[in-house]
Each structure stands twice: as C-alpha cells, then as structure tokens.
Amino acid sequence: MSGPPGAGTSSGPSTSASAGTPSTSGPPHHPIFPPLPPSTPSGATPGTPHSITHNLMEQSWYWGDADRSSVSKALSDQPDGSFVVRNASTPGDFTLCVKFEGQVKLLKIVVKDGKCGFNSDSMTHQSVTNLVDFHRKISLNLYNDALNVCLLYPVSVRRNSQNGKPLFKKGHLQQRLVLTAKNDTEWRERLEMEALRAVHLAFERGAKLFDACHQEMEKAEGLYHSLNQTIKETELKLRQLVPLRTVEREVSEEIQTSLSTSEMIKGVFVSNGEFIKESIRRMRVELKECVDKKQELEKITEEIETKKKHAKQRLSELMEIRNAVYDQMDPALCSRTASILDTGAELINSEPMKVTQLLADLELKWTPAQFLMCSSSKENAANALIHARYRIAQLDKAVGLKREPMDGIFLIRASKSFTDKLVLSVLHGERISHCLIEQNEEGWGFEHSNIYLTTIHDFVRYYAHNSLEAHADAIKTKLRVPAFDVATKEDDVSKPLRNGPGQVWTPLPLSLKYMEKALLTDDPTRPPSWSPEPRPDSWSPRSTESRLIRPTTFPATIPEITENAENAENAEAEN
C-alpha cells in the first residue's frame, strides 16, 4: 500500500507538493500586503503585527472565522452591551459585533502599521484585546455618536449551541466513541483508527497552510504586476510631458516678449506652464513611491517564497508520515478509513487559521495508544501512572542516570460520572490530579478554559508544549511522558493491551522514598525493607502535606490533590 486511497493529494495548489528546502521559521509579514495571522504571538512587542493578536485566542469573546448569521443569532437574545469579535472579510482586520437598542451593530476594527482602531484617526490601540478592554468602561460614542454603549457582556463562543447542547461535527462525534471499546480487539482497532486520524489531520493542516501560502504568493504577484504597469504608464506620461514642457516654455517666452499679445493670453500661458510643471513633479513623486513599493514587495515575495518552501517541505513530510501509518494498519481496517479521510478536510477547514498555524509545527510525539486508557477508574489510572514512573526509574538505573522522579506522566480516560467528558490524569511530584476535559463545537479543552483544540491528540500536543499551570496553579508541569509503552510488531497480539478494557493495575505506594528503595528490586509490588517513620495522627489520604509525610501503612487508594472545590466535587463523584 502507498497511502490512503484518495488522500494522497489535497485540493488547490497542494496537489503537487513535493519536498523543498525547509525554513526554520516563517518570515514576518508586512502591512503592505495582507498576511496570514501570526503563528506565535508570544513575545510580540508593541507596534508589531504580532502584538495586534496578542492573547486574542485566549479570549472567550473571540469567535474567529464565525459568519455574520451565527453571531447575530447568538446575540439575538442577549442584553444591550453584549458583544463578540470575529475575523473580518478583509484579511488581517476584525469585526466588533455589539448589541445596542435591540439590534446587532457591526464595527470594523482596522489593523494598520501594527496598531488597530475603528478608523484612521483612532489607530491608538496596540492589540484587539487592548481595544476591547478600553471600551469596557469607555462608550463607543467616542467614535460613533449613535452608539452610546460600552462593551459590558462578552458572549462566549461556546454559547453557539442549540437547546443548550453543543453542536458537534461528525468527526468529533466519532472520536468520543473511542473509549467505549468492549474488548481488546475492538480497542486495538480504534487505536489504529485514531492514530490515522491524528496524522491525517496533521497532513490536512499542512495542506491548508501550503494553499494559504500559494494564495498569498498569487496576491503578491498580482500586486507586483500592477505596480509594474503603473510604473510603465507613469514613465510614458513623463516622457510625453517633458518635451511638451520644453515647447511650452519656448512658446511662452516668445509670447511674453511680444508687444502685440494681450495680458490675458500671457497669463493663460503662464498658468499652463505651471500646471504642466506641477504635473511632472507629482508624477515623479508617484513614480518614486511605486518604485519603492516594488522594491519592498520584491523582498516580501522572497519571504513568502521561503515560507512556501517550508510549507511544501512540511506537507511532504506529513504525507510520508501519514502513508507510513496507513501502510502499517491492519488491511481489514483500510476499508473503514473513508469516514476519517472524508471528515479530515472538513474539520481543518473549519478550524481557525491561528489554531492551524499554532499546531502545524508541533511535533507528533506520541500515538493515541500511548496515552489513551479504556477505563474510567481513577484508582486504576493512578496505579498506571505510578507504574510508569517506576518503569522510567528502572530505565534510568539501567543506564546509570540519576535524576528526580519524572513529573508530567499522564493518560487520558473516560469520566465515570460524566459520559460526555474525558479526564486527564497526571502525576506531578507526589500528587495525582484528575482534570475534566469537555468538548464543544470547536473541540476539546479543560472546563472553564478558553482554549479548545480540534482533537484529543491536538489537546495533548498543545499541553506537551505549554504548562498545565495555566489551568491549575498546582500542576507545574507540561505533559512530558505518556503512561504506556509503544506497541511493536514483536509484541504478542494474543495478550491484551495494558491500557485496554478490563485491565487492572496493581496498586503501588506513591512515596518518594519508596520509589528510591524500589530501584533495588525487580518487583515493584514488593513492600519496602526500610522502616517508615511513625504515622502522624493528622495524616489523611487527602492531606495537602502528602509530599512531606510518610505513613506507616499505605492507604488502599492513592492520595490525590484536586485543584479547586469544583474539581474536588467531580473527583468525589467519580469514586
């Protein structure tokens, strides 16, 4: 097999993608030409295009590429002062939609020279977020006398629903069924399908960005040819006007010295001479501006070409990865991949461009089989995480590596209490935290979060590069190591996968001292030979001091720390 049928190409220019010279980073964009949104807004400085969108994706009121009708529908039952911001039809600009006097009013947010505002006289804001925050207290009548309203009530993008239930895309619905496998055979099949989904969506993102680069290049080339034509026409007019000016000057001098010519005619020739002179001056200024723009556009075109080569190289590599995954699949499953391939383009096309750019170059470190667990038991999940830490410690011992016990070991499982949610279980220090993950029309994200990613695999990739501390202050780690080993072809397929349905992990103590002692034995379930300190009377399984206290006898379940009262209630509900 050479890859998924019908999926070797993508619509648009990406159909002929082949390997090129990769670039370490995309080139900067310029105000002269509408650019793609920045892929890395962090670190932006005021006055730069990147700073305009700084923190924008984290705002609940930012609706990305939502259309006008969906925004109007969402605001229809909201009070005056309710608002959202979406991308405008002109690339790089935005539209503020605000409810006022029972109607939805639209204000275009113009972006120019690294600043934004509602018109050329109000380009004073460094970012869209800054503009919105300013008008939380200052009325919009500052720029429009008819709009005496402040931005009072942000409407979250998650309100875009029907009867209070999120609208899920077909591909999202399929992914929610992965963790409902009934037996090991079904579980293996679903993991293979999820692995294909992950690499196929990565390929579709690469194709989307390559197509965008191609379109950007076409626009730049069109503008370049337009400038060339303007330069040629201006040069031609100058070549005609300069001789005319010479003739006019000679005739004017003769008339001025003639005694028979009236003063009115002399005045007309003087006026004509001044007009021709001013026309020549203006054309020369215009010609210089066009030449300068042409030179600047040549530099921009070179940068776009570099970015396009990088996108082409990335697309080629992603195609190879996807085809390799497809070739390794069970042939019996290949006929069932059509739904994944068909919905892939739909999911990515509806994904905001900023999200696509954010995820495009994040490494596909792990397969779903390494972090998904077909069990809703938090005790079983905790035991699996501790076994993973022990396994890593044993590997470190084998190579003579000494370091602190690994943090950021994680898995994702179904929630026992909420059938429509998943749970991220992560080991950090001597704590195991269980965080609910919800799904809305944009994808998966933490409860009460503003960041939602298209698939669970994208969720994992994002938090492998960004600390979980943004969600919960106590979890000061990224997702560093999945709980399960990579399955190989040499593995005995007759044995069920350890993360599959019905698998139970033997309880292990979480104590740091026990982990150190456990390195001396090959049996992680064997009790430690050392005598622990007396158990304090104040010790409890939920003690916040569990890192410092070692109980005489370990509890039947693993102590865990929830990050807030609501998570604590959810954790209790799952017991």
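Quick reminder: no glycine exception, Cβ is built from N, Cα and C everywhere.
According to TrEMBL, the features are:
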COILED    280-321  coiled coil
COMPBIAS  28-40  compositional bias 'Pro residues'
DOMAIN    61-155  domain 'SH2'
DOMAIN    366-483  domain 'SH2'
REGION    1-51  region 'Disordered'
REGION    521-575  region 'Disordered'
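DSSP labels the residues of the domain 'SH2' (61-155) in these numbers: 21 helix, 30 strand, 44 coil. Across the domain 'SH2' (366-483), DSSP assigns 38 helix, 32 strand, 48 coil. The average per-residue pLDDT of the prediction over the coiled coil (280-321) is 89, rounded to a whole number.
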